[in-house]
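Per Swiss-Prot, the feature ATP binding site maps to 314, 315, 316, 317, 318, 319, 320, 321; the stated evidence is sequence analysis.
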């Protein structure tokens, strides 16, 4: 079985380690004259390998049931592990000394036995994890997304296997060739940008700006504006976007705390998350493969259609936009499309540019399509700046039907030709940006049938997200209730004994989920159910766990009756 593990490192502890490496290398460079920054990065890479090895060893000790899709917080690890300690954020001076000392000891042991942790005792493991791990997110890979491996006999009979697949009318996504017998943990350490104090305004400005032609074409709508005066501060970074573009989009840097935990909180059937992630990763990998491959090979973009556009559609409130943003967070954490040589640093790994369709439209004729051209021109400059740095740019268009409506329908309704011009401009600009290996476009829609056929045809993958099933509702309730217990809103009496709330009330919550699923309720509405419950039946906090579950059942009954 294969597991993807996203390892969120405690930012304050990581800063102590980075500072220690810098101090050591500055002293060393005075004597040897070596590049202290390069040596410091190398040591940081060794430290992260050590951390991954310790986490892997810990996960291998867990029972199979716990390795299913779940989140393990640093607090849980601290409560469970003998030898763990709780540290402040940021650590005290004494705790910083402990962090430095333990890291040096374990790094020495780790390097002396060629990257193994067998000689490290469990107490050291637990102490190490409590100092450096903030959260571990575990995602079990579905069998349909594990690489296909054929044995010798299957290769000889390959034709027969293919005939049986093509002749079958059923779509079976769990064929027999996929599974391995040994557990595999693919671990991706990361630290959210907000947790790194080293961030300084303008820290990502680099010499790449000098390589870009600063003079923009006059017909691009900038009226003589150049990249020099298009550089603006957004958050902690300077990026080459004009003020006009910044008025039309929202910018998010990745990985960010805003999006952390969203991927795990979402539950969909048919492996939609895994499929969407696979499509996005392969799209970026194919583009990068062409860039880093043999210069004499034929352009792969002429052989494989890769428009860098994924479309997610479904009813309102099903989590389409959240899914897209969470996908980008995971891409920035796992970075499977990059060369994998970078360590945790203060630079962003990706940017989400969320296009506001409502702001794109103007009352002046021709201005709407001009706004789209300006935004895409700025995005192109941003792509050029980050192209060689392994940083991807995602354009997110929410409710894309506003700017990609069917031109046939617009013409038949005698709509203004400005709407048609907007669609034409959007398609042209998407075609223009697909050549960049670090570009990805995500679009969401509530009305797939209203979209222009040419836009839908450009999508490399079209994914339907419907209202949650009973299993999906159960997952949503579980996530919401766990947050309420953690925040102290619900008083769970058995928590001190190690019993999980979900284990105690599993049968009851499942019945509530089945009741809600009979009336086809959106995920957004289900997330409101605990708030409805508290508002209608309680006046003070915390609330008793048994009383909360009873009130939740009553609220579910009311909600179901109102939707019939």
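A Cβ is built for glycine as well, from the same backbone N, Cα and C atoms used for every other residue.
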(request) Provide the three-state secondary structure of residue 321 (ATP binding site) computed with DSSP. (result) helix
(message) Quick check: with 314, 315, 316, 317, 318, 319, 320, 321 left out, which same-chain residues have Cβ atoms within 8 Å of the centroid of the ATP site Cβ atoms?
(response) 444, 446, 465, 522, 523, 524
(request) Could you list the residues of the same chain, at least six apart in sequence, whose Cβ is under 8 A from the Cβ of residue 316 (ATP binding site)? (result) 446, 522, 524
(request) Could you tell me which of these binding-site residues, 314, 315, 317, 319, has the greatest number of Cβ atoms within 10 Å of its own Cβ? (result) 319
(request) Tell me, if you would, which residue among 318, 321 (binding-site residues) has the fewest other CB atoms within 10 Å in the structure shown? (result) 321
(message) Can you tell me how many other Cβ atoms are located within 10 Å of the Cβ belonging to residue 320 (ATP binding site)?
(response) 24
